[in-house]
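The block underneath contains the structure these notes are about, expressed in structure tokens.
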Amino acid sequence: MSIPQLLLCLSLSMLCISSKPTEKKDRVHHEPQLSDKVHDDAQSFDYDHDAFLGADEAKTFDQLTPEESKERLGKIVSKIDEDKDGFVTVEELKAWIKFAQKRWIYEDVERQWKGHDLNEDGLISWEEYKNATYGYILDDPDPDDGFNYKQMMVRDERRFKLADKDGDLTATKEEFTAFLHPEEYDYMKDIVVQETMEDIDKNGDGFIDLEEYIGDMYSHDGDADEPEWVKTEREQFVEFRDKNRDGKMDKEETKDWILPSDYDHAEAEARHLVYESDQDKDGKLTKEEIVEKYDLFVGSQATDFGEALVRHDEF
């Protein structure tokens, strides 16, 4: 799909959203769930498999024998041990789990990288991105579809410059990832808040009042009666969003709303895996300790079936 087609689809999607007044728009950025399985090791290690590998990747281990699972796990361990000191720490395991859960982000970056690194030098300059994304409309500042592309480009340039840590107007792959997915980087979170406020703050006073907050999620569209969830959101705004009770949300209150400090499931799971596998209790794992507990980390259908026989679960 070309960029013009993509932008057109986005604009049509927004039109569809605005035409359904009972649908709720959610701007809150939550950490992804590690698994939709119940975390109960007494029943199965399915949650741990999803958390360690990502749900999609975990499925690829279902048909493996124990020997194949151990072999593949050993290769994964080498990737997790980032400093190559022969040990996997809680922090390294936590980073791997976060990577497994957000693999789709890196896949998205890879796709977009190919379309924007025009000179294939392993970097993307602002000029490259601008030409690849907006080149076709630069000569037509007033397109027929009414989209304000110039405003979008100014906003993109501001975000690109913030993601570009060394200020050379050229993004490495890590900086480009921060540009495309700013909510994933601490140093980019202020721009997420700023862009959100710009979208919702219709009167331009630098705050989000109750009606702007509700208006972003719901359009009356001539209906006198609001859905129940809208009434609940009004209560949420008064009781929880507007912390200082001045009738509006400032930047900090908006940040608390859209970027909540979630419980760190990745760290909790990393600590759990280390606790369960650390045979010598030194607080870190060797490759041998991890492979020894392969059923906890990756499992396989063959071993699950074998354990089921021991537990007599099939009877």
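Every residue, even glycine, has its Cβ placed from backbone N, Cα and C.
Feature annotation from TrEMBL assigns domain 'EF-hand' to 68-103, 104-139, 151-186, 188-223, 265-300.
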With a Cβ cut-off under 8 Å, give me the same-chain residues at least six positions beyond the ends of the domain 'EF-hand' (104-139) that come close to it. 3-4, 149, 152-153, 156-157, 160-161, 164, 169-173, 176-177, 180-181, 184
Let me spell it out: take the domain 'EF-hand' (188-223), skip the flanking residues so only those 6+ beyond its ends count, and list any with a Cβ under 8 Å from a Cβ in it. 18, 21-22, 24-25, 27, 29, 155, 158-159, 162-163, 178, 182, 230, 233-234, 237-238, 241-242, 247-251, 254-255, 258-259
Give me the DSSP three-state residue breakdown of the domain 'EF-hand' (265-300), ordered helix, strand, coil. 23 helix, 1 strand, 12 coil
Tally of residues which DSSP labels helix, strand or coil - the domain 'EF-hand' (68-103): 26 helix, 1 strand, 9 coil
Compute the average pLDDT of the predicted model within the domain 'EF-hand' (188-223). 93
Which residue counts does DSSP yield for the domain 'EF-hand' (151-186) in the helix, strand and coil classes, in that order? 25 helix, 2 strand, 9 coil
Reduced to three DSSP states, the domain 'EF-hand' (188-223) has 21 helix, 2 strand, 13 coil
What counts of helix, strand and coil residues does DSSP assign across the domain 'EF-hand' (104-139)? 25 helix, 2 strand, 9 coil
